[in-house]
Amino acid sequence: MAASVSKLLAPPRSRHAATSRRFLPPRTSSARSPAGRRVAAPPSSLVPARRVTASCASADRAGSTGTDLAAATEEEELDDGLPFVQLSSDILRTELSLLKDGAPAAGSSLLAALPRRDADGDRLLGETAAYPAAMTALYAACLAGNATEQLWNFTWPAAMAALHPSLLPVAVLGFFTKLVVFAAGPLVGELISSLPRIPAYRYLTVIQAAAHWVSAAMIAYAFTLPRASTAPALLLQPWFAALVASTAVDRLSCVSLGVIAERDFVVQLAGEGRPVALARANATLSRVELLCETAGASIFAVLLSRNDPLTCIRLSCAVSLCALPLLLFLGGAMNRLADGIFDHSAGLGSLQRSEHGSTHTTSAFSIRKKAEEAWATIKHGWTEYLRQPVLPASLAYVLVCFNVALAPGALMTTFLIHHGVSASVLGVFGGSSALMGILATFVVPKLVKELGILKAGAAGLVAQSALLGAAVLVFLTGPVSRQGGLFVFLGLIVASRLGHMAYSVVSLQVVQTGNPVGKAKLIGATEIAVASLAELAMMAVAMVTKDAAHFGWLAALSAASVTVAASLFCAWLANPTDELKRLFPC
């Protein structure tokens, strides 16, 4: 009777209870989750909780009566065709505890943690470059190329200053170099977009090295000739015309390599939709460039203190010759480590040319057609540049480029040499300026985190403007020939490099984010052309003044241009457009 009542009160049997009971694995020690709870291995088939509960109830009643055993045996025979299901004992115990006291299941907390774990995985993925090994090869290539370039940038102005005590030769070289970059910038951007990336990179590297050697040969030849009595007489020498041409080719190749590395290679190697990885790559490239600037200034100071400028020129050529095979090798290694992604981007330029009506099929020997195509390319580059949604940020960068006097460059080096500054002071000035830039690459991420990327750029511009204004006041109110005034003047310029590099890093990422990849190289080359126009105007002013005694005017114009850049950028932030809010929501 008791058995009959028990059978009446018991819940209906499940067809799968016997099957679950028959294939239950032996009790084993289960693994623990990081939270300390037991987590069972995932079952090969999911079973609803109601079926598992019925299985547990059937298992508890299995030994009650002989009738139950017979029924179980009958169900086992009926369930021979059911699929094999493995259920962990931990799952059964969890379900029993849920029935008894309503405790939450261990699996529920694990499932609740999965979205957070996926979010963490996405965050880590966004911080990692798509091709880290190829990115390392890019850093090595930039290190080798920038080391050669920076050493040469410190060497040739010192050699020109030794040939004639005037700012005019250096200003003329800078003027024509910037003029060529300004005129040919969009053409170069279109050309490198239509060529395979790695061959174009290698060709430009060889062209730059050859131009470097020709420039060094012309300067070495000038030292064998009698000194020119006046600066105009020096400018009319045939070797100076060849020097202008080789320097222009050198600079144009350098600009093209910079566009390829900063607007193409680094973006593709970082990966699409990985802004953190791209920001880190940009910061690393800036540190590499500034590290090379520091090393170049230090090596130049050591060489110039122990040797004459002609020997420094020859040593610079030796460094360039040794770096050339390494650069060619790293270009191929970078493409191999990136699974050949640069082999599939050669057709982009032809697509862009088709957008503005250019064609090369019927104009192989038509000079007029080539001129029309070149003009159409230049117009297309300027049109795309002016249409970009982050134009004020780019224009602010162009205005910063007006600062050619209050920066460690050719004019400043020539001015300091004419004032009798020693080679050690020149080296410390250049090296400390580069070190301040390296410091900026570590400060900028913190500024971006606290202020946002746009406000961080504004802070850099305002700081640079204030420090350069103070440097101009020191220069105009007291003679820099005295050691104290000179050191304060140079110290303020060094401190301003912190703000300069902060805005350079920010503006680069702003322009990269605001423009599509297909137009990045064309817009980047046009931006460099516009920046060259700004430097061209300042070099024209330097040609007019041409005397080191008028350096104060150049310094005042340089500081004023940075002030205008800061005002333009801050006004843009004060009146944001809908497109700006979409691109930079923070």
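Cβ from N, Cα, C; glycine included.
Among the features that TrEMBL reports, region 'Disordered' is placed at 1-47.
Listed by sequence, the residues of this chain that lie at least six past the ends of the transmembrane segment (167-188) yet keep a Cβ under 8 A from its Cβ atoms are 157, 160-161, 231-232, 234-235, 240, 243-244, 247-248, 251-252, 255-256, 259, 374, 377-378, 380-382, 404, 410-411, 414-415, 418, 522, 525-526, 528-530, 532-533, 535-536, 539-540, 542-543, 545-548, 551. The feature transmembrane segment is assigned by TrEMBL to 167-188 (among others).
Feature annotation from TrEMBL assigns transmembrane segment to 200-223 (among others). When Cβ-Cβ distances below 8 Å are used as the criterion, the transmembrane segment (200-223) is approached by residues 145, 148, 152, 156, 159-160, 163, 192, 237, 239-240, 242-243, 246-247, 249-250, 253-254, 256-257, 260, 310, 313-314, 316-317, 320-321, 323-324, 327-328, 331-332 of the same chain, each at least six residues removed from its ends.
Per TrEMBL, transmembrane segment is recorded for 313-333 (among others). Packing against the transmembrane segment (313-333) from elsewhere in the chain are residues 137-138, 140-141, 144-145, 147-148, 151-152, 155-156, 159, 198, 201-202, 205-206, 209, 212-213, 216, 219-220, 303, 307: each is 6 or more residues past its ends and has a CB under 8 Å from a CB in it.
Under the heading transmembrane segment, TrEMBL lists 395-417 (among others).
Summarising the annotation, TrEMBL assigns transmembrane segment to 423-444 (among others).
Tertiary neighbourhood of the transmembrane segment (456-480): same-chain residues 393, 396, 400, 403, 406, 419, 440, 444, 447-448, 450, 486, 488-489, 492-493, 495-496, 498-503, 506-507, 510, 552, 555-556, 558-559, 562-563, 565-566, 569-570, 573, selected by CB-CB distance under 8 Å and a gap of 6+ residues from either end. Among the features that TrEMBL reports, transmembrane segment is placed at 456-480 (among others).
According to TrEMBL, the feature transmembrane segment maps to 486-510 (among others).
What TrEMBL records for 522-545 (among others) is transmembrane segment.
Same-chain residues lying 6 or more positions outside the transmembrane segment (551-574) and placing a CB less than 8 Å from one of its CB atoms are 167, 392-393, 395-397, 399-400, 402-407, 411, 415, 454-455, 457-458, 461-462, 464-465, 468-469, 471-472, 475-476, 534, 538, 541-542, 545, 580. Residues annotated as transmembrane segment in TrEMBL: 551-574 (among others).
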Long-range neighbours of the transmembrane segment (423-444), counting only residues six or more past its ends (CB under 8 A): 154, 283-284, 286-287, 290-291, 293-294, 296-298, 300-302, 304-305, 407-408, 413, 416-417, 456, 460, 490, 493-495, 497-502, 505-506
